[in-house]
Amino acid sequence: MHHHHHPCNRKPFTTIFSFFLLYLNLHNQQIIEARNPSQFTTNPSPDVSIPEIKRHLQQYGYLPQNKESDDVSFEQALVRYQKNLGLPITGKPDSDTLSQILLPRCGFPDDVEPKTAPFHTGKKYVYFPGRPRWTRDVPLKLTYAFSQENLTPYLAPTDIRRVFRRAFGKWASVIPVSFIETEDYVIADIKIGFFNGDHGDGEPFDGVLGVLAHTFSPENGRLHLDKAETWAVDFDEEKSSVAVDLESVAVHEIGHVLGLGHSSVKDAAMYPTLKPRSKKVNLNMDDVVGVQSLYGTNPNFTLNSLLASETSTNLADGSRIRSQGMIYSTLSTVIALCFLNW
């Protein structure tokens, strides 16, 4: 009797090899970061005074403003800070914590109320209290515009637009939302601009580094970047030691615009800090699961397109993923079928 062999039965090697490819792709990001020395330079115990630490904890919601805090509440605040930033939890102002406090970051407070059970869904991602999101007819279309008077002297407007188109595309590829650029700043859903110091929203910027940008929760749509930063799109061209990657910050702030808070996963786009001269432009699983739980899934999205996002150029409508994504999708579909039929 002729036995019909399933094509996968004889080929455990190819299956293992395909997994190795997927594994390589997952680890791409770590490899890229390892090549960038600024990601891994650890300061010796930095010199930060206790009053400065307390000010930082107040600014980001860990300690009440204008109130003298006792040692117990200071220690509790440090524990919450360490937990929210994925640091070793010691309750002490140790060198890991101080190095983190010195890093440039998003100006949005971290989600720190101890009573966040309803929003902290056991995952690392976080929503704003009450889970606000953009509620419109599906498929959701949001417009965005740049304030023409408030751009950055470091970049050409075409570069700024290109970077934001790419950053919006990252989110559009995983949720059923499309982002459309408009000239009309006044009526745009999402209003993007670079501002100096006090700019009228009660959240003044602080000059070079420190706070890089801030955003308001849905459905406000204001996305403000600190004009004092040396914004960069290409570190080969921009040599400044305090240069900040615009795309990394754009991806993060758009996450807030959509309703995500800060994540404690260091590789997530929604992690609050970003070192100067470093890039973090891809969504992490944590970001994807978080935003999909608010808006649902883009019908074109597959996990493999996320894995292949290193090499994809998603358009802002999220519809096109380059051929590499297709190869990975096909590979892993084949793998899945092999396992089902083994």
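Here the Cβ of each residue, glycine as well, is placed from N, Cα and C on the backbone.
Here Swiss-Prot flags C106, H252, H256, H262 as Zn(2+) binding site.
The N-linked glycosylation site annotation in Swiss-Prot covers N300. DSSP classifies N300 (N-linked glycosylation site) as coil under the three-state reduction. All protein chains included, N300 (N-linked glycosylation site) registers 17 other Cβ atoms within 10 Å of its own Cβ.
Among the features that Swiss-Prot reports, motif 'Cysteine switch' is placed at 104-111, with the record citing sequence analysis. Over the motif 'Cysteine switch' (104-111) the predicted model carries a mean pLDDT of 86.
Sequence annotations record features per position, and here Swiss-Prot assigns signal peptide to 1-34.
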The one of H252, H256, H262 whose CB sees the fewest other CB atoms within 10 Å, among these binding-site residues: H256
Summary of DSSP states over the motif 'Cysteine switch' (104-111), given as helix, strand and coil counts: 0 helix, 2 strand, 6 coil
Inter-residue Cα distance where the pair is N300 (N-linked glycosylation site) and H262 (Zn(2+) binding site), in Å: 26
Listed in sequence order, residues with CB under 8 A of C106 (Zn(2+) binding site) and six or more positions away: V211, L212, A213, H214, T215, V249, H252, E253, H256, H262, P272, T273, L274
